[in-house]
Amino acid sequence: MDLLGILSPNAYFCSMAKLINLKIFTHFFRSSAAGGILLLICVLVSLIVANTGLGVHFNDFLGYPLGFEAAGLQLRYPILLWINDGLMAVFFLLVGLEIKREVIEGELSSLRHAALPVLAAVGGVIIPALIYFLFNGQSPDTAKGWGIPMATDIAFALGILSLLGDKVPSGLKIFLAALAIVDDLIAILVIAVFYSSELHFLYLGYAGGIFVLLMVFNRLGVKNLFFYLLPGAVMWYFIHHSGIHATIAGVLTALTLPTNQEDKDSPLEKLEHALARPVNFIIMPVFALANTNIAFESEMLQGLTGNLGLGIILGLVLGKPIGIFVMSWLSVKIRAADLPAQTTWTHVLGLGLLGGIGFTMSIFIALLSFQEQAYQNEAKFAILTASVLAGAAGFILLSSYNKNKQEQ
């Protein structure tokens, strides 16, 4: 080995540069804002691709079938379906794990702790849906999109909140995370009940049998994840063919995984830890990349003032913060809950605005709501517009409020 080569200035600075770059890279992916930033990059890339000559090739790629068919087993689907039904099932598996953990030992484990995020989430679901229905209730083509403004993109919302650092109380971040989990739970129920197609009870029976088997494994104390994930994948196949959206399989699988407060190395905790980074840094960015590819047309700006666009934008930008704020205020007023420490009503209003960042979850429900490409694109554009407006308003309100407090 050439010792002089190792000690030379060039070699030293090159090795230091690599080390610094590695530290920057590691620090970025450990930050709470990383998921939101990566999502934003994927959105921009997807929009650029869609509005260049690459858009046609990208759509052809998403439509390319992958998989196989054998002995009556149908597992050959377009890449886009694998993303929206397959990868998103893994996302909902993680959501299910988070919900179960919070109910057993987290912010939702007691009525007093759960009251504020639960009631706030309910308000943040009902008011946006009512606003949307006010504009679209009489239209048979767009009325079914009422679930679109109900959703919150937790990665973006927490990402923006984390950019404020210690300018906002830590309790506000916990409040937003708990609220988003309840929001996701409501979205799951809405998808299962209202966005299912014609039901095939034979496949539902098969899926139900596997769910019972997983519950038996839980009761027997089986801790090997293989005995939950493999049957869970089979349950996904049956649910996909049953008429209920296949992502529900992820939630059902999560509910059967064993956990308890004493065992920090339980199957639920292990799987939740293992899935967090792949979901945040692979699955959600891939979903955004595949589903935000909107080719802009002049008619889209006009669509923002149509019933569909107004229902989504006003539902997210106004309905979300109004619903979250009013229900939070009522829950504190009737002494059912308390605000987190050092949290003011201005903080709650800012949090409500961040809850209006529907983005990936709203797009997901829009794809379930509309089969027509024109409605899908109009809804996506309205969701993007609303998410930018709500996110910017929430960030400006919270940062300026903190600045004013410091000056006082």
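Note: Cβ is positioned from N, Cα and C throughout, glycine not excepted.
Feature annotations, courtesy of Swiss-Prot:
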| type | residues | note |
| --- | --- | --- |
| TRANSMEM | 36-56 | transmembrane segment |
| TRANSMEM | 79-99 | transmembrane segment |
| TRANSMEM | 115-135 | transmembrane segment |
| TRANSMEM | 145-165 | transmembrane segment |
| TRANSMEM | 174-194 | transmembrane segment |
| TRANSMEM | 197-217 | transmembrane segment |
| TRANSMEM | 225-245 | transmembrane segment |
| TRANSMEM | 281-301 | transmembrane segment |
| TRANSMEM | 310-330 | transmembrane segment |
| TRANSMEM | 348-368 | transmembrane segment |
| TRANSMEM | 381-401 | transmembrane segment |
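Put simply, of 79-99, 197-217, 348-368, 381-401, the stretch with the most CB pairs closer than 8 A to the transmembrane segment (145-165) is 348-368.
Counting Cβ pairs closer than 8 Å to the transmembrane segment (115-135), the top stretch among 79-99, 174-194, 225-245, 281-301, 381-401 is 174-194.
The stretches the transmembrane segment (381-401) and the transmembrane segment (281-301) are in mutual contact, each linked to the other by at least three Cβ pairs under 8 Å (pairs 6 or more apart in sequence). Under 8 Å from some Cβ of the transmembrane segment (348-368) lie the Cβ atoms of residues 39, 84, 88, 124, 145, 147-153, 155-157, 160-161, 168, 172, 175-176, 179-180, 183-184, 187, 190-191, 195, 245, 284, 287-288, 291-292, 312, 316-317, 319-325, 328-329, 339, 376, 379-380, 383-384, 386-387, 389-391, 393-395, 397-398, 401, all in the same chain and six or more residues away from its ends. Same-chain residues lying 6+ beyond the ends of the transmembrane segment (79-99) with a Cβ under 8 Å from its Cβ atoms: 61-67, 108, 181, 184-185, 188, 232, 236, 240, 245-255, 257, 268, 271-272, 275-276, 278-279, 283-284, 286-287, 290-291, 364, 367. Sequence-distant residue pairs (6 or more apart) of the transmembrane segment (225-245) and the transmembrane segment (197-217) include at least 3 whose Cβ atoms are under 8 Å, placing the two stretches in contact. Beyond its flanks by at least six residues, the transmembrane segment (36-56) meets 28, 153, 155-160, 162, 280-281, 284-286, 288-296, 359-360, 384 of its own chain at Cβ-Cβ distances under 8 Å.
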